[in-house]
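Following: one structure in structure tokens, then a few remarks.
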Amino acid sequence: MIPFLDLKVINQQHRQALIDAATRVIDSGWYVLGQEVKAFEQEFASYCSTQHCVGMANGLDALVLTLRAWKELGKLKEGDEVIVPANTYIASVLAITENRLKPVLVEPDEHSYNLCPQKVRQAITPKTKAIVAVHLYGQLAPMKAIMDLADEHDLLVLEDSAQAHGAMVDGQRAGSWGHASGFSFYPGKNMGALGDAGAMTTNDAELALTVRALGNYGSHKKYENLYQGLNSRLDEMQAALLRVKLQYLDADTLVRQKIAVAYAQGITNPLVTLPIAPSSTVTSLQNHVFHLFVVRVKARAAFQARLKASGIDTLIHYPIPPHQQQAYRDYQNLSLPLTEIIHQEVVSLPIGPTMGMGEVAEVIAACNRFSA
């Protein structure tokens, strides 16, 4: 059986380093807001080429607290419109509505599945105050064009980099393009913790300070609370483990990119729509770290069944778009045909840093054997 992603095998690669990191934390006697968190924040900020990183409990909190901080700083207010891709994972939208802001769901680019600058421009109104730019599946959104639009209309830009650790365009990584960025270190991410964890990055010192306080009960100083905050802190154990994972991120990304190139060159079935061109190379794919390799197949259920019969796991990211979820039933009358078609057809193939090229060849062969 070829698993979709084998976290046990992935973490076994670095077993001793992870054990050493965990032991270091246990022996320190300090488990919250200690030196491991400080070190990780410095190292990840340096990796992203930002001045600040604030660790927190998970990726959703990274988005929620950043938007909340902008409200506390007077840059956003309740009812302001925030543009967000219609085809994103629901967390991107939850962060907006949690802050009593209004999500404006915009259809994606048909090929990258990321925001389309032209469609973003058409969605801007006098009430628009921010854009959440999601780097879906690990591919950087067109950030230069988005930042140009933001500058033109005086908009804040929050990158949702939950799936794009290390993705790069023109030498600039995800997390350093917008005014701030939220990252998830959920175990299945390209740089995953052994539990939940998240972080935000920014070059804005005031924003970082405010986010840090909001995630610590609204406090800069113990027992003095400036804001009605939350308890959302990256703990010492996860920080130490993430410091290990960060060392191997670029090497793991290279493996993912090589697998993606093999898929693009090897899958020739016209019933399977690829996310990248067959001519793609690792060098040309620096903007995509392939958290997921997502194809489109009209006969999706049959395709998944055939691959399963061949011993290959697949998943769907994502089966239901946010506007069709019960949680957002007030948005169900929106006309978002492209988003709905995408969600009906997408299938994620296995990809990961421990996947062998023999397994990749099996997946390619199974895809090419498929007939509707």
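Just so it is clear, glycine is given a Cβ too, placed from its N, Cα and C backbone atoms.
Among the ranges 220-247, 304-331, 332-359, the stretch that TrEMBL annotates as coiled coil is 220-247. Cβ neighbours of LYS189 (active site, proton acceptor) (same chain, under 8 Å, six or more residues apart in sequence): ALA162, GLN163, HIS165, HIS291.
Secondary structure from DSSP puts LYS189 (active site, proton acceptor) in coil.
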